[in-house]
Structure formats: structure tokens, C-alpha cells
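Annotation comment: TrEMBL describes 59 as active site, acyl-ester intermediate. Taken from TrEMBL, the feature active site, proton acceptor covers 62. The active site annotation in TrEMBL covers 117. Marked as substrate binding site by TrEMBL: 230. As annotated by TrEMBL, domain 'Peptidase S11 D-alanyl-D-alanine carboxypeptidase A N-terminal' applies to 29-260. Summarising the annotation, TrEMBL assigns transmembrane segment to 367-390.
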């Protein structure tokens, strides 16, 4: 019960004491109908506006498509395009013009869907992963549910408008977070240009570049540190954006939905990224420093596997923070004291100290000593048994000898 109370207090205090901004909206505004700013490493929402409002996502749907492709395919895998997957797709939705029998790689399709937002590439990826669009859509919805995206429902892998195809800024943040944490996906996400080379069907190379202007150094909207981004637009959804940026060992995700101007929407993203990186900082206590703060018996040691990391508002000054460590029921808790309130978090456990080589030698000597004691005891017992046996045998011999002597004596007596 005490463990649960301490865990609850930590969650409560971290939100309501060191994060006073969580109690009231920060002094910033965005024009998008719905938006969210999320700190990936701390799993914290730093800003939100109508984040749970269901809206059309448009092509940022492809973040889920790309995630599933990365989770289920190898980029180097080769395939032959089967355009039966594209039947029924509007001709104006076909972007990269993949043709029947064309020999491509999964990465070719991935980058076309990512950089060019090619609907045909997204559908071909869906068929590659699941065999059909319908089965892939089932996988999309199952994965969304698994990620906690409770207000999301997909009907296609592209983002083309459908009344039953919707999501929220919060849900898209969860999906984008999963994408950013996928190493395979992120290994190619920073590529802002890609060439689909001519092949057995395609007569010329197809040059592709990112549509996310914050990733393009040649645009006014370029933002240093953006590591992943996907754009979207339909008449129903208007402009949508997902953006992930990294700075000072922190990763932030921004989702903006429902903006009337695709260029001005970048201002919303910049405002939120500037706020996230500028109004918070990363406070770290290394695991070695934490171990040095714990006072234990010689037979114990502090089992602390990770650094303590917390994101704090800039108005909580680093020099005003003090730290202390307590051991409660074998668990190690760090208390971080700020200018007004404290935060307590479990950072490790107390374990028995093996003592290293010296202790191992000592344990070996003790083992040998105990074995010797046991051997001596066994020897003494066996020796006593042997003495008992010899003594008994001697007594038996003496008794037999006396018996023979009596018989002999009696024989002489009767023959006299």
C-alpha cells in the first residue's frame, strides 16, 4: 500500500507542483482548430487545444501506414507492382504513377508515401503488409487501439476523405510518438530527398523531396532539429501537420489539425516548438551520483539502472533545487525539492552486495572451512563406529575363548 501511495504522490506532485503551467494554459495561442505539444521522453503534454476533438486527418494518416510498413517489412525487400490493389482509386489521387509489373523495393514505396505523400505508394505498402487494403485497415485500427488512440478510426491507408475516417490531435500524437520511437523508420525519416530510379517499366528517374517545409533548408519555414514530419490536406480536413523535433536530448511532437492556410500552419508548429524547447529544460541526476547519495550497510548496494531525468519549467531554477535520497522497505526514493514543493520518485532498490573478488574468495574459504568441518565430523563418527566394532569383536573373541576354556576344563574334570 505504501508503494502505491508513493507512486501516486509522485504523479500528483510532478503535475501540480513543479509544473504550475499544467494548471493553467500557457500564454500562447495557435490558429489551428486542434493542436497538441508533447514531450516524448517525459511522456508529458505541454500544451493542448481541443486535442480530443474528432477531425479528418487527411494524409497524416500515412504516419500509421509508414509505421506498420516499418514494423512488418524490410526496406530492401523487392516486389513487383500489382495494380489490382489500386482499383477504385481516383486517378487524381495517384501521385507516383507506379505501374503494373514495375520492380521496386519497399523503401521506394515508403519514401514515395513519405516525401511525395503518394497515395498509390501507400496502398501498395498496405497490400505488401496485409495482402489487401481491407485487411490492412483492420491492422491500422488494431494498432491504433493498441497505442491508446481511442478516438481514431481508419477506413483507408491514404487519408482520402471518408465520414468514418477520423482521428484526434491526441491520438495522432500517440501514433507519431510510436513512429519516432521506431528505429527502422527513423533511420530513413531524415532523408529529405530520394530518387526512384528508372527500372524495367519506368523510363526516367523520379526525384522526390519532402513536402514538410520545416525539414527543407531552402524554405523560410525551415526549423533546425525537425527529424520527422508529414503534411496533409483535403477540403474536409483542411491543412494538417505532424512534426517531431529534437534538441538538447529532448524530443517533442506537435500535431496541428484544421488550419485554413497550409503556410501559416507552420507558424503554429514553430510557436509550440519554441515554447516547448524554450520554456522547459531537462534536469538530470546520473545513476552514479544517485548511488553515491544512498547510505547502506556494507552488505548492501544501490541497484539503480537509469539516470533520473525530469523536464522542468524554466522558472524552476536549477540552483534552487536540492536532492535527497531515502530508503523505504528496500526501495530507493529520490526527493527533489524546489522553491515551493517537493517531488518524490522511486529510482531503484536495495540489493545484497556480492562484494566483488575479495568477497568471493572469502566465501570460497568459508566453503572450504565448512567442508573440512563436515569431513572431520564424518571422520570422528566413522572412527567411533570403528572403535565400537573393534571393541565388540574383541569382547566376542574373549567370550569365545573363555567358553572354550570352560569346556576344556569341564572335559578334564569328567575324565579324571
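Yeah, the Cβs are placed from backbone N, Cα and C, and that goes for glycine too.
Automatic, uncurated: that is what TrEMBL annotation is.
Features as recorded by TrEMBL, highlighted on the structure.
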{"residue": "59", "record": "active site, acyl-ester intermediate", "Cβ neighbours (10 Å)": "24"}
{"residue": "62", "record": "active site, proton acceptor", "Cβ neighbours (10 Å)": "27"}
{"residue": "117", "record": "active site", "Cβ neighbours (10 Å)": "26"}
{"residue": "230", "record": "substrate binding site", "Cβ neighbours (10 Å)": "30"}
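Residue 62 (active site, proton acceptor) sits 8 Å from the residue listed as 'active site', counting Cα to Cα. Confidence in the domain 'Peptidase S11 D-alanyl-D-alanine carboxypeptidase A N-terminal' (29-260), given as mean pLDDT, stands at 96.
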